[in-house]
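A.B. asks: Annotation source TrEMBL lists domain 'Deoxynucleoside kinase' at 14-216. What TrEMBL lists as ATP binding site is G18, N19, I20, A21, S22, G23, K24, T25, T26, R151, L152, K153, Q154, R155. Taken from TrEMBL, the feature active site, proton acceptor covers E92.
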Amino acid sequence: PKSQSQLNLINCTICIEGNIASGKTTCLEYFGKTSNIEVLTEPVSKWRNVRGHNPLALMYQDPERWGITLQTYVQLTMLDRHMLSSPVRMMERSIFSAKYIFVENLFKSGKMPEVDYAVLSEWFDWLTTNISIPVDLIVYLQTSPQTCHERLKQRCREEEKVIPLEYLESIHQLYEDWLIKQSSSPLPAPVLVIPADYDLQKMLHQYEESRDKILAASNL
């Protein structure tokens, strides 16, 4: 049998990052069908049902009260995703964007009390310091907030019906600061940017074009 160190060599994590409705699911489906990568979508079903409770819906209804509840659980479930033992995995978002984008947005927009932000930050800092959470590549699906807003209107996720354009603009700015300007939070991996304002056919073509660069991260 291979030693643990040899097994670790073939462990590879690619994270697909982007705004709400930036096309992450389409990207994951494309690579899930056309390669031997294990695809891991965000565990939204878990966020909707924690022993009968729906912290995702509660957070959208009253972020100041429920933001820390949801984000604590998001941090746990994303850590669980990162710790899975599949040799090559492609994840929808990451524990890093959960903190650097979504927690930051709640705090900066005045919807998360400072004490909640401090506790979440302590948790995040401890986890990322004491547990190895390697990421080999970040694929950033760069979309305009307007495109995301139009796409949101066309899909039927109950919790998303209350999301205004301003919220998407805030998330977009945080992503740009993190992954493009690289001026806000540390980057856990190199970034590959894919413009993602296009229709489905054009996006599938984009993924085909970027395929070798993405799969090179895993040395497949």
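Glycine residues also receive a Cβ, built from the backbone N, Cα and C atoms like all the rest.
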A.B. asks: So what sits near I20 (ATP binding site) in its own chain, CB-to-CB under 8 Å and at least six residues off in sequence?
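C.D. replies: Same-chain residues close to I20 (ATP binding site) (Cβ under 8 Å, separated by 6 or more) are C148, L152, E160, I163, L168, I171.
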A.B. asks: What residues, ordered by sequence, lie under 8 A Cβ-to-Cβ from K24 (ATP binding site) and sit at least six positions away in the same chain?
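C.D. replies: In sequence order, I16, E17, G18, E92, R93, L141 meet the Cβ cut-off.
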A.B. asks: How many other Cβ atoms sit within 10 Å of the Cβ of T26 (ATP binding site)?
C.D. replies: 15
A.B. asks: Can you check what DSSP calls S22 (ATP binding site), collapsed to helix, strand or coil?
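C.D. replies: In three-state terms, S22 (ATP binding site) counts as coil.
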A.B. asks: Let me know the DSSP-derived helix, strand or coil state of the residue listed as 'active site, proton acceptor', please.
C.D. replies: strand
A.B. asks: Show which residues of the chain containing S22 (ATP binding site), separated from it by at least 6 in sequence, have their CB under 8 Å from its CB.
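C.D. replies: In sequence order, L141, Q142, T143, C148, A196 meet the Cβ cut-off.
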A.B. asks: Would you mind checking how many other C-beta atoms are within 10 angstroms of the C-beta on Q154 (ATP binding site)?
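C.D. replies: I count 7 other Cβ atoms within 10 Å of it.
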A.B. asks: Averaged over the domain 'Deoxynucleoside kinase' (14-216), what pLDDT does the prediction give?
C.D. replies: 94
